[in-house]
Amino acid sequence: MPLKSFFFSAFLVLCLSKFTQGVGTTEKEESLSPLELNILQNKFASYYANDTITVKGITIGGWLVTEPYITPSLYRNATSLAKQQNSSSNISIVDEFTLCKTLGYNTSLTLLDNHFKTWITEDDFEQIKTNGFNLVRIPIGYWAWKQNTDKNLYIDNITFNDPYVSDGLQLKYLNNALEWAQKYELNVWLDLHGAPGSQNGFDNSGERILYGDLGWLRLNNTKELTLAIWRDMFQTFLNKGDKSPVVGIQIVNEPLGGKIDVSDITEMYYEAFDLLKKNQNSSDNTTFVIHDGFQGIGHWNLELNPTYQNVSHHYFNLTGANYSSQDILVDHHHYEVFTDAQLAETQFARIENIINYGDSIHKELSFHPAVVGEWSGAITDCATWLNGVGVGARYDGSYYNTTLFTTNDKPVGTCISQNSLADWTQDYRDRVRQFIEAQLATYSSKTTGWIFWNWKTEDAVEWDYLKLKEANLFPSPFDNYTYFKADGSIEEKFSSSLSAQAFPRTTSSVLSSTTTSRKSKNAAISNKLTTSQLLPIKNMSLTWKASVCALAITIAALCASL
């Protein structure tokens, strides 16, 4: 076939496939076409030869910073204890801040100490090593540095009023974790997951703030206390050589650019890096980790980069500092479940998003190393309390019945992933496995590494490595793919199971009675408009689709005649 004719035919097939997409019922599932399969195969093959991965990590979230959806029993117990103390029906425990405030010092201390003692033990670290991970990310809150709860006195005699319980409790268990990591030859990445006043309003920062202003860098002493904690972290964990497993320090997790001015976040990053350099010996190679602040990939390329001093000097004079751009690692977090548009995507689109995301990160690597420091197996937001205690799921529409946020989108379907694995359909299992494999194959080939969220939960299976592995939904070893080959290309059998329609969309608003409360991982940014919302292609009329397709065919015919 002449080359021009081939391209014309391929273009026509593609146009017709797009023309028919969305016409008729949305409940019919369509398998990948050979063209779509070839697109994905080519995308994976393009970068797979560049084996850049150094990090194969796991996070032990929900431990030293508690999270309701990871251990809901802890929060149910806290509510029960509060009711015993006070018969008021007004009890609302939604995060660690309100847990400590409601229960008071003694009860909170007993409850949390037992949780720290039992949720993560030495056995977990041994299993993490056995399962093939080489790094453990340990989230910890700023309140671990509280030295006198009665006086709200922190390190460096800084006073900051909050109800958190500490007096060295979290740091004691952190030291245990470092000893276990050293014993089992695991690297550790320390992560300041909660900053004073909350840096994002998510419950995993310690304090859930769904609608109000954030306190970090706004309230008195939040900046001073943050700097004091960073200084202590650097003085404590740098320059230890082989005596310490700490290889990276993430100065703050997920500062929410937009609700916090990005220039303020950037300035804090520079001040933190200056503190690190002042406390770091020339032989120390501990990595300075920054989160992307929810800015686009590539945003931080020129920052903290000695090649671009004209950029850096606006915030800090680092001319005399001896450092390389490779000393600063950018941490990206990626989930596909915290907007309506993501939840409504087809499985093909979801996996293509992952491939494109990896491609974009790969282009960053010449500026700074970059990892996907949080990702999961979740393809819905249905896990109990994922969006917050008392908050529902976007997937079944209950999110909008339990918050002040609104949407024009219909629910995608009925939640099932919050149920026991035994109640999952085989189709749902297949999709979760495919999604996990796509991320492993992409992040292993196109980034500096990955860190899965999370090691374990009580019942949020899509976020639970141990449960996913046990159900054969997470490859073990990590490259033991079902849908991909060792070179990263896609198995042919993927074409029969990877559907072009993620899930049948319900025609009515079917709500699950079991999904009335979820965790607000990204509740504060859930209403940002996505591309599909700004350009609703799927909602085009049939006449408009036909017009567009006719125009495309005309252009293709002209090209073929040249």
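Just so it is clear, glycine is given a Cβ too, placed from its N, Cα and C backbone atoms.
Over in Swiss-Prot, the protein carries these features:
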- Glu254: active site, proton donor (ACT_SITE)
- His334: active site, nucleophile (ACT_SITE)
- Asn50: N-linked glycosylation site (CARBOHYD)
- Asn86: N-linked glycosylation site (CARBOHYD)
- Asn90: N-linked glycosylation site (CARBOHYD)
- Asn157: N-linked glycosylation site (CARBOHYD)
- Asn220: N-linked glycosylation site (CARBOHYD)
- Asn285: N-linked glycosylation site (CARBOHYD)
- Asn310: N-linked glycosylation site (CARBOHYD)
- Asn317: N-linked glycosylation site (CARBOHYD)
- Asn322: N-linked glycosylation site (CARBOHYD)
- Asn401: N-linked glycosylation site (CARBOHYD)
- Asn480: N-linked glycosylation site (CARBOHYD)
- Asn539: N-linked glycosylation site (CARBOHYD)
- 1-22: signal peptide (SIGNAL)
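Between the glycosylation sites Asn90, Asn322, Asn322 has the most other Cβ atoms inside 10 Å of its own Cβ, all protein chains included. Checking each of the recorded positions Asn157, Asn285, His334, Asn480 against Asn86 (N-linked glycosylation site) by C-alpha distance, the shortest gap belongs to Asn157.
In the three-state DSSP reading, Asn157 (N-linked glycosylation site) counts as helix. Set side by side, the recorded positions Asn86, Asn220, Asn285, His334, Asn401 differ in how many other CB atoms lie within 10 angstroms of their CB, and the most is found at His334. Asn157 (N-linked glycosylation site) has Asn220 as its nearest neighbour among the recorded positions Asn220, Glu254, Asn310, His334, Asn480, going by CA to CA distance. Comparing Asn480 (N-linked glycosylation site) with Asn322 (N-linked glycosylation site), their Cα atoms are 42 Å apart once rounded.
Each residue contributes its Cα atom, and for Asn310 (N-linked glycosylation site) and Glu254 (active site, proton donor) these two points are 26 Å apart. The recorded positions Asn90, Glu254, Asn285, Asn322, Asn401 include none with a CA atom within 10 A of the CA of Asn220 (N-linked glycosylation site). On its own chain, Glu254 (active site, proton donor) has Gln199, Asn200, Phe202, Ser205, His291, Gly293, Phe294, His333 as residues at least 6 apart in sequence with a Cβ closer than 8 Å to its own Cβ. Neighbour counts were taken at the CB atom with a 10 A radius for the glycosylation sites Asn157, Asn310, Asn480; the maximum falls on Asn480. Among the recorded positions listed (Asn90, Asn285, His334), Asn285 has its Cα nearest to the Cα of Asn322 (N-linked glycosylation site). Considering only the recorded positions Asn285, His334, Asn401, Asn90 (N-linked glycosylation site) has Asn401 as its nearest partner by CA-CA distance.
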